[in-house]
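Student: Residues or ranges marked as phosphoserine by Swiss-Prot: Ser19, Ser46, Ser55, Ser68, Ser98, Ser219. Under the heading DNA-binding region, Swiss-Prot lists 114-189, citing sequence analysis as support. According to Swiss-Prot, the feature zinc finger maps to 117-137, 153-177. The annotation SUMO2 cross-link is assigned in Swiss-Prot to Lys192. The annotation N6-acetyllysine is assigned in Swiss-Prot to Lys231 on the grounds of similarity to another entry. Taken from Swiss-Prot, the feature domain 'NR LBD' covers 341-583, and the record attributes it to sequence analysis.
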Amino acid sequence: MTSPSPRIQIISTDSAVRSPQRIQIVTDQQTGQKLQIVTAVDASGSSKQQFILTSPDGAGTGKVILASPETSSAKQLIFTTSDNLVPGRIQIVTDSASVERLLGKADVQRPQVVEYCVVCGDKASGRHYGAVSCEGCKGFFKRSVRKNLTYSCRSSQDCIINKHHRNRCQFCRLKKCLEMGMKMESVQSERKPFDVQREKPSNCAASTEKIYIRKDLRSPLIATPTFVADKDGSRQTGLLDPGMLVNIQQPLIREDGTVLLATDSKAETSQGALGTLANVVTSLANLSESLNNGDASEMQPEDQSASEITRAFDTLAKALNTTDSASPPSLADGIDASGGGSIHVISRDQSTPIIEVEGPLLSDTHVTFKLTMPSPMPEYLNVHYICESASRLLFLSMHWARSIPAFQALGQDCNTSLVRACWNELFTLGLAQCAQVMSLSTILAAIVNHLQNSIQEDKLSGDRIKQVMEHIWKLQEFCNSMAKLDIDGHEYAYLKAIVLFSPDHPGLTGTSQIEKFQEKAQMELQDYVQKTYSEDTYRLARILVRLPALRLMSSNITEELFFTGLIGNVSIDSIIPYILKMETAEYNGQITGASL
């Protein structure tokens, strides 16, 4: 008699013999393991046959299968516990599935149900994070959520995702994961390994507390933040916890509940690269963390970390090694400014050349200031995502300043000094202008909630909390006042120009020229307001009196609130020269090759 399973061949014995008739060594065709089969006749003399499977040397506990006659479906499975084959436990089963379960093997003759990954169509390994998926998509989704990675699509955000092309566009792959039902909160709630204790930067919070903001997908109203703290919260040394999770209500949410930010394809093409430098700094920070923790070997082939780091160093090298040919034009040459008035030197005193702008200081291209947020947006945002959004705003502001012909004419050294002196004011104006896009009120509410809990647990000093809370209050007041005045794009552009060309910062050279540009910006703002809002006599005065409030906000606190979670101990001042030296083509080149 031959067993129906192809894995083990069992040979029967003559039923007239009551003692073991045959001992045969067979090999499991799948595992290659050798098994000993002893064939015997049941002591009662019935036709039942007993097949004893033990190790080849006859030692150790074996499995005994007592097979009934072909007319019966009953089967007995006996586990022996001694050398004399006295059964230690007998379990009677009547269905093949139970036999398979007890034997620890599957019936290969029974057709197996094969499930396929709903994302890429590969063979699924089970249900992961709420959707049937393969190990590849499971790992990709987990890494994307755990590391809060942001991707961009080189096409129109509708790339084909299948088994063979799933690695070509990570943006569309993550988008499809969300569309097919994978839940980010399922990844966040997973238990972290106990033996992995990563050292955090000294100026970042070490707490494991999390902030959740409940969101009604059908309501555009700002949600109310609620605080959840882990039991083992550790000592906090900075303002924000890198593990803090924030759910930010976005004005545009698809009806099917998919949490994706609506993006303008043209804006993504022209401005999407502005987030590249944030990714560059993030890549360098991630590299440092990986090397410090010795976990570089854990990186998967699907991760783009290695290539991102390579591109990061290449980009920074290009910025540092910029040749003289890439420097701004000489003051003696007229700058052809498609984005503003022409620049001409009207005095050739080598010590203090005077530059005159023919035409407007700013053009319509400088009025456009559209921030593209990282997408897709995770349902629970953490500090890294907030810092990534803030860094895009900072880079957009610097890109805007660099495009002004009058700014270019001042030279690279003066450009760096000006931006270092006023980046906090430019950034704050950008926050006010993009407050709705960034859901700034919700972000600030979550931060306040987090800080309130920190002071209750004595993680931050009272004086430090007071400084930060005052800073947040000033920031919120400024943004609210600008929203109340309903400042338009032209007015924001001229206010930024007035702030940019401020001659009263310590250490500036050529202050007379800078002051001349500031006066021109003020005059053009006055002309615009009088022409556009002729009925509002005091509008210009109400706008200008808001500028002193910008000087009251600490750049150090702004840096720690919005950037420390991304760049660690790297200061904004040290990054500014690299940003100003980099060309727009380099930004776009980074984005074009960002997706693997």
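Using the three backbone atoms N, Cα and C, a Cβ is placed for every residue, glycine included.
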Student: In the zinc finger (117-137), how many residues does DSSP call helix, how many strand, and how many coil?
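Tutor: DSSP classes over the zinc finger (117-137) add up to 3 helix, 7 strand, 11 coil.
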Student: Per DSSP, how many helix, strand and coil residues does the DNA-binding region (114-189) have?
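Tutor: Its residues divide into 27 helix, 8 strand, 41 coil.
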Student: Can you work out the mean pLDDT of the predicted model over the domain 'NR LBD' (341-583)?
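Tutor: The average pLDDT of the model in the domain 'NR LBD' (341-583) works out to 83.
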